[in-house]
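Below is one structure, written out as structure tokens; comments come after it.
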Amino acid sequence: MAFMEKPPAGKVLLDDTVPLTAAIEASQSLQSHTIVRRYSDFDLLNNSLQIAGLSLPLPPKKLIGNMDREFIAERQKGLQNYLNVITTNHILSNCELVKKFLDPNNYSANYTEIALQQVSMFFRSEPKWEVVEPLKDIGWRIRKKYFLMKIKNQPKERLVLSWADLGPDKYLSDKDFQCLIKLLPSCLHPYIYRVTFATANESSALLIRMFNEKGTLKDLIYKAKPKDPFLKKYCNPKKIQGLELQQIKTYGRQILEVLKFLHDKGFPYGHLHSSNVMLDGDTCRLLDLENSLLGLPSFYRSYFSQFRKINTLESVDVHCFGHLLYEMTYGRPPDSVPVDSFPPAPSMAVVAVLESTLSCEACKNGMPTVSRLLQMPLFSDVLLTTSEKPQFKIPTKLKEALRIAKECIEKRLIEEQKQIHQHRRLTRAQSHHGSEEERKKRKILARKKSKRSALENSEEHSAKYSNSNNSGSGASSPLTSPSSPTPPSTSAALGLGKRCKERDICITSTSSTSTTTSSSLASCEHRGTCPALIPGCEWCEPRGLTQLHPEFPKRNFEESRNL
């Protein structure tokens, strides 16, 4: 299906991995998505999340005085902190309970009932299968449900049926989608967990695999039971311990080999994490190849969507492998990504691989290829012994459909990364301008600007007053004959000055021969362009306030020149 083609009716455009945040504010100030929750709703949510084994900071109840203004403000801060703790926890923020609490409009459906209806319709055409029990909440996906199965003529053998709805990255046509789903049982690889049965319709897919009592690689790391709920198994492990170095090397090499095989086949994956790796003895086998065909978002999407250099499914697989390697090494996921510094590891070769996939430099500059990771010292000396030959034949027409779908998935990822980058820049700018330091700077600049404008206004007022005096003195001054001599006191003693860069210039008389004037110092400030100095006058620095001659009250130098 082309990228601009209208999506099918059964496709779910909502991406469940998009993190939700919540802020408690007064209802009058909210202009967008609004939910009304009482304290009892928070208490009910907190009780439901106790299965995770975490100590969540829910404010305590209060029966008397719970309507006081101060108490309400204090409780609001406590509930905000409670929501912040939940939404920053990667596992809790993706669980159905939290999604329904924060966004009931988009998560109001009962997906277990929908899955049961779809599975019941399937059993009508396939009577040899029988449901033993539903495996409630063993996975993290909201729209993916699991059931323990058996074959009627083999009652002791147990299988797992997984049903999943379509996701926002489903770009295959219905025909190509169903053909590729039915092609999965023919995929044979020593490091891919085999699919026993697969079918699909226009809105969902159903697959059956053998049930493994040992569980996944994540169950091994966390010492968990496979049938327990996801929150109980992985939110708060009792013991944090990584795997041995040889296990890390062997499991890592096996996973990289199967990723390289899928990349060479042109089959998009992008869903690597420790719960999608099944343990069969000492062999790791990859699960859930159908996720990319269904268009489901990745478990680590909220991490790699922050980095614009991780924009292909191959680079996504490498980044997710870094998360997996960190979990195998330290027994827990990283606290945040990118990772600034790594704790001590069993080998420096492990740290080298982690730095190439999870460090700040790697996330900023891009991921290495799978082939490059295979050549690194941690995996290059691992010998794999297997006699099974990989087989996965994909028709040419379906390969082209996969290539187009892969490009569309990467295009949506790039658009999402661009929006996140723009939002981050806007948020950073707002926080910068709202900081206390910036406020002080703006206040200082405002004061300087107001002083400058006041000074300019006063200067303009002085200039206007000076011009009005000039015009008045010219009209009232007595006319002199061109042949009459100029008094020596005015022609020799007075000179013109000019202002240089707001420096006040003073004029000093150098002669005292006139009877009408005496030796005096007059301070003036001329803002226009003046002629050159008259001989007999000199520049000098201002010497403070001076007295004007009594015969020239309130007149400047231009008046004296006219006289």
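Heads up, the Cβ atoms here are built off N, Cα and C, so glycines get one too.
What TrEMBL says about a protein is an automatic prediction, not a curated fact.
Note that the structure is a prediction, hence the values are computed from the model and not measured.
Database features (TrEMBL):
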type: COMPBIAS; residues: 420-431; note: compositional bias 'Basic residues'
type: COMPBIAS; residues: 440-452; note: compositional bias 'Basic residues'
type: COMPBIAS; residues: 466-495; note: compositional bias 'Low complexity'
type: DOMAIN; residues: 1-109; note: domain 'PX'
type: DOMAIN; residues: 71-464; note: domain 'Protein kinase'
type: REGION; residues: 420-496; note: region 'Disordered'
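Looking just at the domain 'Protein kinase' (71-464), the mean pLDDT is 91.
Assigned with DSSP, the residues of the compositional bias 'Basic residues' (420-431) fall into helix, strand and coil as follows: 12 helix, 0 strand, 0 coil. With DSSP classes pooled into helix, strand and coil, the tally for the compositional bias 'Basic residues' (440-452) is 13 helix, 0 strand, 0 coil.
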